[in-house]
Number of protein chains: 4
Amino acid sequence: MSNQSQIPVVVNGAMGRMGCEIVKAIAAADDMKLVGAIDRKPEAVGQDIGEIAGCGPLEVPVTMDLEATLVMAQSEGNAVMVDVTHPAKIYEQVRAAIAYGVRPVVGTTGLTPEQIIQLAEFAEKASVGCLIIPNFAIGVILMQQAALKAAEYFDHVEIIELHHNRKADAPSGTAVKTAQMLQEVKPSFNPPQVKETETLPGARGGTTPEGINIHSVRLPGLVAHQEIMFGAPGQVYTLRHDAMDRVCFMPGVLLCVRKILPLKSLLYGLDKLL
Amino acid sequence: MSNQSQIPVVVNGAMGRMGCEIVKAIAAADDMKLVGAIDRKPEAVGQDIGEIAGCGPLEVPVTMDLEATLVMAQSEGNAVMVDVTHPAKIYEQVRAAIAYGVRPVVGTTGLTPEQIIQLAEFAEKASVGCLIIPNFAIGVILMQQAALKAAEYFDHVEIIELHHNRKADAPSGTAVKTAQMLQEVKPSFNPPQVKETETLPGARGGTTPEGINIHSVRLPGLVAHQEIMFGAPGQVYTLRHDAMDRVCFMPGVLLCVRKILPLKSLLYGLDKLL
Amino acid sequence: MSNQSQIPVVVNGAMGRMGCEIVKAIAAADDMKLVGAIDRKPEAVGQDIGEIAGCGPLEVPVTMDLEATLVMAQSEGNAVMVDVTHPAKIYEQVRAAIAYGVRPVVGTTGLTPEQIIQLAEFAEKASVGCLIIPNFAIGVILMQQAALKAAEYFDHVEIIELHHNRKADAPSGTAVKTAQMLQEVKPSFNPPQVKETETLPGARGGTTPEGINIHSVRLPGLVAHQEIMFGAPGQVYTLRHDAMDRVCFMPGVLLCVRKILPLKSLLYGLDKLL
Amino acid sequence: MSNQSQIPVVVNGAMGRMGCEIVKAIAAADDMKLVGAIDRKPEAVGQDIGEIAGCGPLEVPVTMDLEATLVMAQSEGNAVMVDVTHPAKIYEQVRAAIAYGVRPVVGTTGLTPEQIIQLAEFAEKASVGCLIIPNFAIGVILMQQAALKAAEYFDHVEIIELHHNRKADAPSGTAVKTAQMLQEVKPSFNPPQVKETETLPGARGGTTPEGINIHSVRLPGLVAHQEIMFGAPGQVYTLRHDAMDRVCFMPGVLLCVRKILPLKSLLYGLDKLL
């Protein structure tokens with residue numbers, strides 16, 4: 001039974017790397033209590049998720065049974081489910097959580113626009129808060145919001161994102177998303193001062209429809225970094241975020257668990273909560 | 001006679017480095033017209049300020065007569081005076097401008113709090129807009145605003161400011177001001193994780209009353225740079241501004257000239273206009 | 001029995017974090033074979049060090065018996081001992097290794113100058129190579145060597161080192177060492193251009209006897225970083241090293257194991273091998 | 001007549017921006033004396049080059065007569081000509097200087113390999129020192145030399161060069177040259193860890209034949225900057241040069257004037273003198 005003032009939380013996908021980190025973060029938060037840990041590994045069923053995550057026993061056994069866990073969580077009152085499973089199953093799981101009145105905090109970029117609209121309608125009808133969060137890193141969201149403000153005053157901007165060399169795709173989703181967000185402020189950036197020529201194709205980076213150049217650096221030793229550089233005559237204004245470890249997502253996850261309680265509908269993106 | 005749609009502007013201190021830059025910026029702005037250039041150099045009286053500033057003839061002769069210039073400017077309607085003279089004379093000059101209905105845009109950090117209060121009362125009574133702008137660099141103000149937002153979510157922050165080695169004082173006024181602003185968000189920063197010891201006194205920088213460490217780097221080759229670094233487990237969020245040339249202040253000056261027109265009272269700081 | 005072309009290696013302190021990393025690096029190196037794993041944990045004796053380090057079974061059991069391991073290693077011919085134990089015991093252990101003809105590669109800053117001189121004499125007499133390596137990070141040594149070269153042409157330099165906020169001492173040993181090295185090139189740096197004043201004590205950092213300012217930044221999210229900035233009129237030349245993980249020391253460890261074989265005496269510092 | 005211990009120097013192209021900077025640097029150097037200033041502007045002939053360059057009168061009138069100036073300089077003994085004119089005329093001028101025994105220091109990238117070979121033969125035969133210096137920035141050369149050393153130990157490297165947006169070509173000559181130099185150390189860099197895909201063409205930059213990715217950033221506010229990033233597991237080593245003003249080339253120019261005296265043949269590149 002949870003302490004009156006603690007938010008009961010279920011983690012779906014609890015045995016993944018992100019799931020384990022979330023289990024530890026919730027265990028360390030005074031105002032939350034882990035009440036369920038779901039994962040699809042039959043061999044782990046019944047084991048203490050705290051032991052698996054490496055934070056000592058939490059008396060919460062791993063289970064594969066989503067529905068039973070939701071029923072139990074609901075009975076605790078004001079429960080939240082943090083879902084960090086694979087996109088394929090998320091839509092159904094989130095519907096189930098809403099149906100049981102357990103508020104879903106979903107960390108995924110894998111839902112289609114149609115699915116998001118349907119979930120929004122479903123959450124609205126049920127008056128249950130629901131958060132779809134493509135990126136839990138508060139620092140990244142702050143950087144994007146600061147960039148939106150800067151774009152009102154600067155006409156020139158380029159993005160440099162730097163990742164380890166096991167990342168196969170370029171540019172990063174965050175860099176593309178950042179460029180798209182800037183378009184809300186101005187339809188296009190980087191009006192040319194001279195006719196540019198590339199003697200080495202690609203040197204000037206990839207250019208988005210907004211005219212923003214994105215440069216993707218890949219090196220071992222790097223983790224996940226992004227720089228947004230704004231330029232004007234005589235000055236450069238640079239925003240940079242360095243993510244060294246997935247523990248950096250935890251303040252965003254905890255913020256979502258706290259802020260979802262009074263919500264009665266779906267919100268998309270951590271920026272809505274900052 | 002100025003074009004109907006152009007704002008008539010007087011520059012006080014027009015022959016200084018900053019004044020010349022402003023003369024050029026106004027000459028290049030379609031929606032403004034330079035109508036007066038005041039400076040206290042008897043030998044320059046009568047010379048074309050455009051020639052002196054290096055942007056070609058503007059048919060505006062340098063004068064030492066503030067009052068006559070204000071009278072003339074007022075007759076043009078909706079006039080603005082940009083004042084970049086030394087602090088000692090500014091208070092009287094700004095009062096004079098307000099008295100003549102010419103809106104003052106003042107770039108100085110040299111007014112006392114009492115003087116600012118008196119000017120605010122005087123502007124209010126006269127229903128004339130007045131702007132006191134300690135820093136015209138839009139990029140610096142954006143950086144400070146972004147830092148204020150970040151301080152809501154980060155408990156740890158240090159400031160590194162880097163300047164040429166002819167700068168005698170440390171830390172820079174902007175760094176100190178930034179630290180003071182952050183105190184509005186939280187009373188203190190950087191709760192210690194361990195007991196720190198300095199084997200070389202000063203290594204950890206200067207510590208403000210808010211507990212923010214400021215580090216001042218001085219090297220030839222540097223111009224004027226500031227970094228604000230926020231840290232949390234697994235992530236670092238950095239804001240940086242590089243000012244290479246005083247031309248970087250011009251967008252801020254022009255913004256002030258445009259935004260002062262509808263004002264009826266005194267505002268302090270460029271942040272009020274962003 | 002080791003492959004003819006493989007260097008037999010003993011790791012002393014194999015169960016520590018650094019030791020485990022070294023065990024994995026040696027297991028992954030085609031030209032080396034782990035033949036011994038020493039640690040002072042009775043409960044671990046007999047367990048496979050490969051399982052403990054997390055790289056799968058290596059058929060090398062943990063032992064507490066240094067001498068027996070040295071005898072066995074010696075019998076393999078051309079053996080090397082990597083010692084990453086605590087400084088208190090290192091002197092005796094290194095003497096023992098030299099006595100048995102097993103070449104020691106020692107990662108420590110904890111030996112006194114007298115101890116180093118004695119070990120050098122002992123190694124010389126025995127004609128056995130010995131490496132005392134205060135820092136295995138090749139990148140840091142390259143940075144210091146590049147700084148030595150730059151110091152011939154630049155008179156102004158400051159050092160910024162940035163670490164996580166669990167580091168208690170400031171400045172870092174590497175920063176102090178770097179400043180000392182630069183003194184070999186010039187007796188003093190940073191001739192003043194103006195009379196400096198600190199309105200916030202410590203803002204200009206700690207100043208070494210060479211006149212080099214060192215700034216120590218401490219924030220959660222940082223790992224271990226150092227910047228050396230050289231300035232001259234119109235230019236800045238910056239060297240930076242970012243260490244994100246102790247795996248960065250492994251190329252230096254492996255280099256030492258390979259380069260120690262032909263040596264007949266003691267060398268101090270990785271720079272002697274680059 | 002020059003002081004016995006001063007090197008007599010002629011500047012060819014003295015009225016250009018670079019030429020004026022060199023005139024000022026020579027005037028400020030105790031061990032040099034400006035004895036000639038050549039430029040092809042008839043209207044300036046006879047004017048004092050010191051007045052034109054902005055360092056006060058030097059009693060050296062501008063002339064268009066190269067030969068007469070070389071004859072005069074030769075008579076001073078041990079004379080040097082710094083040539084910063086356009087590439088089209090340089091070959092002939094350098095031959096003339098060598099013929100008159102005036103040592104040429106030539107700042108150009110515009111000579112063909114054949115021209116350089118011919119000048120080398122001519123200088124050799126005449127036993128007159130000659131320096132062809134594509135880049136006078138000592139900091140850039142130091143960065144390239146440090147990169148050559150680092151390339152021995154790192155297999156992964158990318159180059160980011162950042163310039164003002166009036167620069168039309170990308171990548172910069174210095175970035176391309178740097179990549180070519182690294183090939184001397186290793187035939188190829190950046191062995192792939194994964195199969196990379198670009199969802200935005202060019203995001204991964206331009207790739208040189210050596211497999212080095214070059215990224216060219218163009219923004220107003222930037223001047224001329226280059227970063228060379230080396231990566232390995234757990235670490236990143238970065239070399240960066242920021243050139244803010246052409247005054248940064250002067251130490252390299254003065255170094256050449258001093259070091260050319262004992263030379264008896266042609267050398268290419270400032271790196272030969274460091």
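From the backbone N, Cα and C atoms, a Cβ is placed for every residue, glycine too.
Now, the feature entries from TrEMBL:
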- B:7-136: domain 'Dihydrodipicolinate reductase N-terminal' (DOMAIN)
- B:Gly13, B:Ala14, B:Met15, B:Gly16, B:Arg17, B:Met18, B:Gly107, B:Thr108, B:Thr109: NAD(+) binding site (BINDING)
- B:Lys41: NADP(+) binding site (BINDING)
- B:139-274: domain 'Dihydrodipicolinate reductase C-terminal' (DOMAIN)
- B:His163: active site, proton donor/acceptor (ACT_SITE)
- B:His164, B:Gly173, B:Thr174: (S)-2,3,4,5-tetrahydrodipicolinate binding site (BINDING)
- B:Lys167: active site, proton donor (ACT_SITE)
Least Cβ-crowded entry, counting other Cβ within 10 Å, from the binding-site residues listed as B:Gly13, B:Gly107, B:Gly173: B:Gly173
Alpha-carbon spacing, B:Gly13 (NAD(+) binding site) to B:Lys41 (NADP(+) binding site), which is rounded to whole Å: 10
Of the binding-site residues listed as B:Met15, B:Arg17, B:Lys41, the one whose CA lies nearest the CA of B:Thr174 ((S)-2,3,4,5-tetrahydrodipicolinate binding site): B:Arg17
Inter-residue Cα distance where the pair is B:Thr109 (NAD(+) binding site) and B:Gly173 ((S)-2,3,4,5-tetrahydrodipicolinate binding site), in Å: 9
Per-residue Cβ crowding (10 Å cut-off), top of binding-site residues B:Thr109, B:Thr174: B:Thr174
Residues within 8 Å of the B:His164, B:Gly173, B:Thr174 Cβ centre (excluding the (S)-2,3,4,5-tetrahydrodipicolinate site residues themselves): B:Glu161, B:His163, B:Lys167, B:Ser172, B:Ala175, B:Ala224, B:Gln226
Tertiary neighbours of the residue listed as 'NADP(+) binding site' (same chain, Cβ under 8 Å, six or more apart): B:Met15, B:Val62, B:Met64
DSSP-derived structure type at B:His163 (active site, proton donor/acceptor), helix or strand or else coil: strand
Listed active-site residues (B:His163, B:Lys167), ranked by Cβ neighbours within 10 Å, top entry: B:His163
Distance, B:Thr109 (NAD(+) binding site) to B:His163 (active site, proton donor/acceptor) (CA atoms, angstrom): 19
Count of other CB atoms lying within 10 Å of the CB belonging to B:His164 ((S)-2,3,4,5-tetrahydrodipicolinate binding site): 18
Cα-Cα distance linking B:His164 ((S)-2,3,4,5-tetrahydrodipicolinate binding site) and B:Gly107 (NAD(+) binding site), given in Å to the nearest integer: 22
Greatest C-beta neighbour count within 10 angstroms, which of the binding-site residues B:Met15, B:Arg17: B:Met15
Secondary structure at B:Gly13 (NAD(+) binding site), reduced by DSSP to three states: coil
Between B:Lys167 (active site, proton donor) and B:Thr109 (NAD(+) binding site), the C-alpha gap once rounded to whole angstrom: 17
Cα-to-Cα gap, B:His164 ((S)-2,3,4,5-tetrahydrodipicolinate binding site) vs B:Thr109 (NAD(+) binding site), nearest whole Å: 21
The domain 'Dihydrodipicolinate reductase N-terminal' (B:7-136) [mean pLDDT, rounded to integer]: 95
